[in-house]
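Asker: I'd like to ask you about the structure that follows.
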């Protein structure tokens, strides 16, 4: 192929799919392959990915393993949580929010090496292909993207494993003796798809859950923690200042211990089909509850309701791969403006799969006890004022009722 790329940067996990892609790129395109492996806090030792890349013929200087945990939480997770973003009412977007960061580094490494293409291991059925590619094109309109799943004839897991065996590519086995697939993990969440999960009528087996204890097996006594915020971002746990990634790591441990953040969800993919996944987002679930708790006393009602109204659109943009779009950045500016006074501390109760706000306080609080008290408010609020307020708001309803009565 005359227009075939000479150098390709591959988003490489060291797993089955991307190891096969690495070999396929070498044989199909005859190109030099550069690998990028992101340490997103997935909890795996990444040195095996380096070793496997070298085993497959990648030069040491072309292997990039980058710790992006702080960048991930600071620049992607935290901005998203300022919006309380949830897709279709349930999904905390753990996979979606990692893709633009990976694409960013793919493009940067491509520029560093003078590569003319990037490649990913997302299938032609899922959302990730869209997320990777929209992000890459937004960052470099001239970049070429190779998506092997849309090109090759290895259209099933069986064919992939056969290809791996024919090319001496090591295949990891999970504890049930099966080749693992469709598991995505990072500091925010773990997702599992396929295998025993494809029939949405069947309850997911216990072995699918990798990150949290079963709520039934969680401690029989509740635990209380305090999370402090500055301008919408978590900055401390129990009074101890921590970095963004360290905060999420600590919250993950609290959530793991108490069985918090499990979700069995059938979602609507951007490409049009429904898919079923098991999501575990222990720390993120705690963080979301805490952020909502501090907003309750620091966010003006009009600003809060407006923010709530745009959240579904904001979440949809992230889910569909439009992190780098003008409209997401516009919404982000509005959301960030809303967080100027979202500073304070929330006390949370963790117990058997649940997380509940039980206290919140802030120097920026809009909560006025003297106005809402059931006792004597010492003149802070004149209840007679409510009569005029109600009359004005009832005016249009009366006019409509009178009009309708004339046409009965």
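Every residue, even glycine, has its Cβ placed from backbone N, Cα and C.
Pulled the feature table from Swiss-Prot, pasting it below:
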BINDING   11, 12, 13, 14, 15, 16, 17, 18, 19, 38, 121  ATP binding site
BINDING   91, 96, 127, 131, 182, 191, 267, 279  L-citrulline binding site
BINDING   123, 127, 128  L-aspartate binding site
Asker: Restricting to the binding-site residues 91, 96, 127, 182, 191, 279, which ones have a CA within 10 Å of the CA of residue 121 (ATP binding site)?
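Answerer: So the list reads none.
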Asker: May I ask which of the binding-site residues 11, 17, 123, 128 is closest to residue 96 (L-citrulline binding site) if we compare their C-alpha atoms?
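Answerer: When the Cα distances are compared, 128 comes out closest.
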Asker: Using C-alpha atoms, which one of the binding-site residues 91, 127, 128, 131 comes nearest to residue 13 (ATP binding site)?
Answerer: 128
Asker: According to DSSP, folded down to helix, strand and coil, what is residue 131 (L-citrulline binding site)?
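Answerer: Once the DSSP labels are grouped into three classes, residue 131 (L-citrulline binding site) ends up as helix.
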Asker: For residue 191 (L-citrulline binding site), which DSSP three-state class applies?
Answerer: strand
Asker: Reported as an integer number of Å, what is the Cα distance between residue 123 (L-aspartate binding site) and residue 15 (ATP binding site)?
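Answerer: Cα of residue 123 (L-aspartate binding site) to Cα of residue 15 (ATP binding site) measures 14 Å after rounding.
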Asker: Going by DSSP, is residue 13 (ATP binding site) sitting in a helix, a strand, or coil?
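Answerer: Where residue 13 (ATP binding site) sits, the three-state DSSP reduction gives coil.
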Asker: If you measure every Cα to Cα pair among 91, 96, 127, 131, 182, 191, 267, 279, the residues listed for L-citrulline, what is the largest value in Å?
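Answerer: It comes out at 19 Å between the most distant Cα atoms.
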Asker: For residue 19 (ATP binding site) and residue 191 (L-citrulline binding site), determine the Cα separation and express it in whole Å.
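Answerer: About 20 Å separates the two Cα atoms.
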Asker: So for residue 17 (ATP binding site), how many other CB atoms are inside 10 Å of its CB?
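Answerer: So the Cβ neighbour count for residue 17 (ATP binding site) comes to 21.
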Asker: Within a 10 Å radius of its Cβ, which of these binding-site residues (19, 123, 127) has the fewest neighbouring Cβ atoms?
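Answerer: Candidates: the binding-site residues 19, 123, 127. Fewest Cβ atoms within 10 Å: 123.
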